Amino acid sequence: QIFNQHNAEAPNLEQAFHRMAQMEPNLDHHVSWLLLPSYWAKMVVALISFLCFANSYDGDFVFDDSEAIINNKDLRAETPLGDLWYHDFWGSKLSSNTSHKSYRPLTVLTFRINYLFAGGFHPVGFHVINIILHCTISVLMVDVFSILLGGLQFSNKGRRLNLAPKSSLLAALLFAVHPVHTECVAGIVGRADLLCALFFLLSFLGYCKAFRESKEGHTFSVFWVLVSVVLGAIAMLCKEQGITILGLNAVFDALVINKINLLELIRKLLYKHKSLENAGLLRKGLLFRITLLMCGGAGILYIRWRIMGTGPPAFTEVDNPASFADSLFVRAINYNYYYSLNAWLLLCPWWLCFDWSMGCIPLIKSVSDWRIIALAALWFCLIGLICQALCSEDSHKRRILTLGLGFLIIPFLPASNLFFRVGFVVAERVIYLPSIGYCILFTYGFSLLSKQAKKKKILAVAVLGILLINVVRCTLRSSQWRSEEQLFRSALSVCPLNAKVHYNVGKNLADKGNQSAAIKYYREAVRLNPKYVHAMNNLGNILKERNELHEAEELLSLAVQIQPDFAAAWMNLGIVQNSLRRFEEAEQSYWTAIKHRKKYPDCYYNLGRLYADLNRHIDALNAWRNATVLKPEHSLAWNNMIILLDNTGNLAQAEAVGREALELIPNDHSLMFSLANVLGKSQKYKESEALFLKAIKANPNAASYHGNLAVLYHRWGNLDLAKKHYEVSLKLDPTAPGTKENYNLLRRKLEQLQKKGG
């Protein structure tokens with residue numbers, strides 16, 4: 001560090017500083033590890049980090065990707081860019097009571113750019129960007145760890161010295177191949193953590209750059225301090241954790257730049273010692289820089305608070321059960337147990353799960369619970385490290401341990417439940433940044449062991465083995481993130497008590513048409529969590545389709561009883577009641593669903609079907625019209641309107657509705673078919689024929705399309721073509737109603753014509 005006051009003194013200070021750098025204890029001295037030039041070290045880290053996650057490049061959209069990307073209207077061109085600044089990560093308005101208040105507009109902007117360049121929802125481009133981001137972050141880690149482990153020191157030419165090349169390479173490799181990072185890299189939603197980490201590191205490196213020697217002889221550059229604040233703000237706009245870099249920059253300034261001994265400072269503050277200036281607190285520039293960081297952080301948080309609104313995010317008990325516990329003791333014990341689980345995931349990242357909520361981790365309610373041992377072990381280790389960080393006579397040891405603990409704990413604070421309730425129990429993605437602190441502590445521990453060990457190569461081989469195991473684990477885990485089926489099934493062995501795991505396995509099976517297997521997992525999800533309304537709703541839907549209507553009604557009734565504003569369950573209950581011919585109850589259920597979700601086109605569609613069954617044709621048409629207003633591409637609603645108008649003899653109105661529908665959905669073959677039928681009855685044979693042929697081209701295996709075209713030709717007098725399409729229709733569906741009779745009539749007519757011609 002160069003704290004020169006006048007240019008005339010600079011050369012002497014530089015020489016003294018260079019000597020000081022040589023006198024600084026060298027972490028690499030006892031480390032038996034590869035020594036590579038900086039460029040090659042970065043190339044190795046980039047290559048290995050790429051190999052760990054390369055097999056996720058062609059994965060699907062999985063788990064939260066559906067809500068954050070596929071169903072997020074903010075990615076589409078029709079949504080104004082300005083809306084991104086007023087919406088949360090999932091595309092909901094921040095002012096909404098249902099918003100999770102996760103404000104990450106820059107991350108959503110990168111998704112939008114991905115969508116634009118890919119020309120749609122093609123996951124490859126999204127995955128490739130995530131892999132590139134992780135490789136870039138891992139490369140930056142080489143420089144970051146060289147500063148954290150070796151100190152911020154410069155040569156007499158102003159070039160930063162890497163005093164720990166071997167240790168920084170090892171720490172960067174540990175970070176690059178840590179399996180707990182798989183969720184961030186292989187899961188596209190993890191882009192938020194990756195972008196946050198990128199700007200987090202750039203902010204730190206920018207802050208370090210403020211202490212390079214300037215030609216004017218200033219001790220530091222205000223410009224680079226401000227740049228680091230701006231980069232910290234950008235990190236926070238990618239994910240909330242980014243703001244913590246400002247606190248870490250302040251810690252780094254105090255410990256590394258000003259070499260403050262925290263224990264000595266605390267003592268002097270307690271005893272109001274007069275030599276506080278000698279302790280470094282009032283050293284020129286430190287308070288000013290910390291003031292800049294604090295003002296910048298306060299300003300960023302205030303703007304964030306104003307945009308978000310004053311209301312906290314709304315979470316449910318199943319998301320984070322400990323935070324809903326009445327007892328302060330139960331909350332405290334469980335929060336600390338969660339911390340120990342996060343620490344264990346860093347130490348032994350073998351048991352990984354996409355979701356740790358919904359009963360995966362039962363609450364600790366008594367001190368007799370054996371899991372209390374995990375808390376004791378965590379705090380035993382933390383207190384030991386803190387004591388060493390404060391009380392060690394070795395200033396180098398104090399600095400590294402304090403920085404390691406700082407980078408481990410401070411970025412984790414937003415996820416700790418200490419300041420506000422979070423919407424998860426354990427989340428692997430939130431320890432992407434805290435793993436920096438873990439890598440510092442691991443590397444320092446390795447250097448201490450190397451110093452004591454007689455056979456250093458055996459120790460180096462053991463660490464190399466850990467790295468190789470982590471590479472294998474990363475490869476296996478990233479392959480599990482390639483599809484929802486693999487991801488959800490992988491969680492069954494890790495969190496068998498997690499109702500959401502069973503629910504997601506069941507949903508995946510149901511989407512593939514395996515209803516029998518899906519029922520099994522849905523039932524288990526409801527057994528594990530008797531208030532799991534989404535599992536009840538999905539199970540009720542399957543039972544409804546299998547005509548097990550009474551059990552379906554029981555489940556759906558229970559779901560709306562538990563959650564009275566569950567609009568989808570009300571609609572499905574209405575469908576079941578309609579099937580049971582309890583029409584008044586069904587109508588009431590539909591209107592209740594619409595009351596809770598005013599823009600609900602599917603519910604209006606089903607309401608229209610109910611009215612059609614009751615011969616309330618005007619009400620049915622109005623309901624279907626509402627569905628198409630809310631969702632102009634609602635093909636079923638358009639079709640039902642055309643068919644109802646056709647069946648009631650309103651051919652002109654049916655034709656008008658059909659033409660309106662085809663303008664909005666020009667490639668929908670079912671609409672072409674319905675309108676062709678209307679035009680045929682109106683004796684507009686040419687236009688009807690053209691639409692029938694277009695519909696058949698789009699869907700050549702629809703027997704009814706060929707059958708109705710044959711009827712058109714039959715009426716039109718084009719008997720040979722009628723015969724041809726009757727035969728195609730019967731080949732596709734030999735039991736097609738009416739087609740066989742019409743075909744027999746045509747054959748008799750042809751035979752009569754042949755006799756007359758003969």
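Cβ atoms here come from the backbone N, Cα and C positions, even for glycine.
It is 39-57, from the ranges 39-57, 343-361, that TrEMBL records as transmembrane segment. Only residues 6 or more beyond the boundaries of the transmembrane segment (372-391), in the same chain, are considered here, and those with a CB under 8 A from a CB of the stretch are 262-263, 333, 336-337, 339-341, 343-344, 364, 397-398, 401-402, 404-405, 441. This prediction places the mean pLDDT of the repeat 'TPR' (703-736) at 87. Within the repeat 'TPR' (703-736), the DSSP-based counts of helix, strand and coil residues read 28 helix, 0 strand, 6 coil. Spatially, the transmembrane segment (188-208) is not adjacent to the transmembrane segment (286-305); fewer than three Cβ-Cβ distances between them are under 8 Å for residues at least 6 apart in sequence. Ranking 39-57, 163-182, 220-237, 286-305, 458-476 by CB pairs under 8 A with the transmembrane segment (430-449) puts 163-182 at the top. Three or more CB pairs closer than 8 A are found between the transmembrane segment (163-182) and the transmembrane segment (39-57), so contact between the two stretches is assigned (pairs 6 or more residues apart). Same-chain neighbours of the transmembrane segment (131-151): 21, 24, 26-28, 38, 41-42, 45-46, 49-50, 53-54, 56-57, 160-165, 167-169, 171-172, 175-176, 181, 184-185, 191, 194-195, 197-198, 201-202, 204-205, 208, 256, 399-400, 403-404, 407, 436, 439-440, 443-444, counting only residues six or more beyond its ends whose CB sits under 8 Å from a CB of the stretch. For the transmembrane segment (403-424), the partner stretch with the highest count of Cβ pairs under 8 angstroms, out of 39-57, 220-237, 243-266, 458-476, is 243-266. The stretch with the most CB contacts under 8 Å to the transmembrane segment (39-57), chosen from 220-237, 243-266, 458-476, is 458-476.
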